[in-house]
Structure formats: C-alpha cells, structure tokens
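According to Swiss-Prot, the protein has these features:
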- 161-284: domain 'Fe2OG dioxygenase' (DOMAIN)
- Asn220: N-linked glycosylation site (CARBOHYD)
- 41-289: topological domain 'Lumenal' (TOPO_DOM)
- 20-40: transmembrane segment (TRANSMEM)
Amino acid sequence: MMARPRNHRPSARKSSHSTLVFAVLIMSTFVILILLAFGILSVPSNNAGSSKANDLTSIVRKTLQRSGEDDSKNERWVEIISWEPRASVYHNFLTKEECKYLIELAKPHMEKSTVVDEKTGKSTDSRVRTSSGTFLARGRDKTIREIEKRISDFTFIPVEHGEGLQVLHYEIGQKYEPHYDYFMDEYNTRNGGQRIATVLMYLSDVEEGGETVFPAAKGNYSAVPWWNELSECGKGGLSVKPKMGDALLFWSMTPDATLDPSSLHGGCAVIKGNKWSSTKWLRVHEYKV
C-alpha cells in the first residue's frame, strides 16, 4: 500500500496568517509614530505629582482658531480647571477693544448691585454684594450681538437662552460673598427655566485680589500654577485670577440635570486696583426679553 503524501496546507495557512498579523502590527506602529510626530497623539506622563485623578498640574489646553479675524490678535485657547464644578477658562475670549467698549457703554448707567429675592423675584439690596452694575439688553447692538453669538458657539447653548449682559464694577474692598447662580424657588424659573451655566468675562486686570473663588470645588486646587499669586480669600478654594479678555465658563447643573452644589462661588474683595467684569447667565429654555 502506498503512503499518502503529507498535506502541507495547514502550515502554509499558519504562515500566511502570521505574515498578516505581522504586517498589521508594522502598519499600526507606523501610524502611531506619525501621530506622535505631528503631536496629534501624546504619551501620558507618569510623574508622581500628576498621578492623582484631581491633580490640576496637568491642565488640558486646546487652541480655537479665529475665523475671519486679524491673525495678529492673541489666539484663543481653553483651560479646563475643574470637573467638580465643571469649569473652563477661555483665554482671550474678548478683544481689548470689546472689553473697553462694554465698560464705556455701562459707565453712565451703573447703580448699586442687588440680589434677587427668592419670594418676589425683585431686586433687593444685600451686604453680601457690594459692587455696582447695570444690565445691557440682549442683542442691543452689533458688538453685543457678536459677543453673544460667540458665547453661544462656545457653550452650544442658543443665544435666545441667555439673559442680558450684566456689567459689574468692584472698587477696593468690594466683593460678592459665595452664592449659587441657580434658583431654589419656582418664581425665578418661570421665564427660561433654571440657570444651567454662567459665562463670566473679565473686562480688566486686577492688581491684587478680586479672584473668582469656588470654595466647594473638588480636587487639589492648590496645584494651579497661579496659586502663589492669590490673595488669602483666593486660597479658600479653586480660584481664577481676573485677566482682561478671559472668560470663565462654569456649569450650575450636572450632565444629568441636577443642581451642582460644587458650583458655589464668590468674588473676593479687590485689594489693589479695580475690577470690571460682565456676566451672561444661560437658561435651560428660551429666556424671553
């Protein structure tokens, strides 16, 4: 009886499969090297100081390109400073000209700042807020419309959901005690529903003090690069130093639509210089004006 010839097909298939896997690995390695070379992909750092989940020493930064504007102006870039509350700083959000424009527009109409009474919805004087301010109607002029459109583009919240711009001025010693921007009553949510987010734009630099502080923020907030520049009030929580043109976005509600107690915030007293800012509150629904 003649012996059957050996079948070499299995080994050939195995060899072919190994070659395919090897080729895929080579191609994957090549793609990763390209991504690393162009800075699209980055290698995480294993430094002990940045290993904590809430460590702020490594802050996410992304550049947002200007469209149709002068390239000589400072570029905008984003700094995520906290996840509890969710807060980001948009650097160079406003131009110097826009900051000066809002200040000059508001100056003739400044009055002592008030707070909202939760029972009546009316404005009332309070010792917790010692600044002066005024409101600029939504869509009042071309410059304001451009700023409001920019806020909408950055937050993905329609312009129609925003209240009017509030411009505030703090002189030496003036402050705003920690508070929530969201409401705990039904009266103030009749128009537009709850406040979901706040965009706080800094219209001037402040020599000392005047920080926006989040005393209930979670995380190692003492790790921020500007920690040593903060006042004693500013070191009472996660703080942002006012810088002309920057905008602070923070959310008063979590992604599951519950109110976020870590969004508690205040304005530290101005120690040296003066502070100008503009606030845009954003609602869940359309805010009728």
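All positions are counted from 1 along the displayed chain.
Yeah, the Cβs are placed from backbone N, Cα and C, and that goes for glycine too.
Secondary structure at the residue listed as 'N-linked glycosylation site', taken from DSSP and collapsed to helix, strand or coil, is strand.
The average pLDDT computed for the domain 'Fe2OG dioxygenase' (161-284) is 96.
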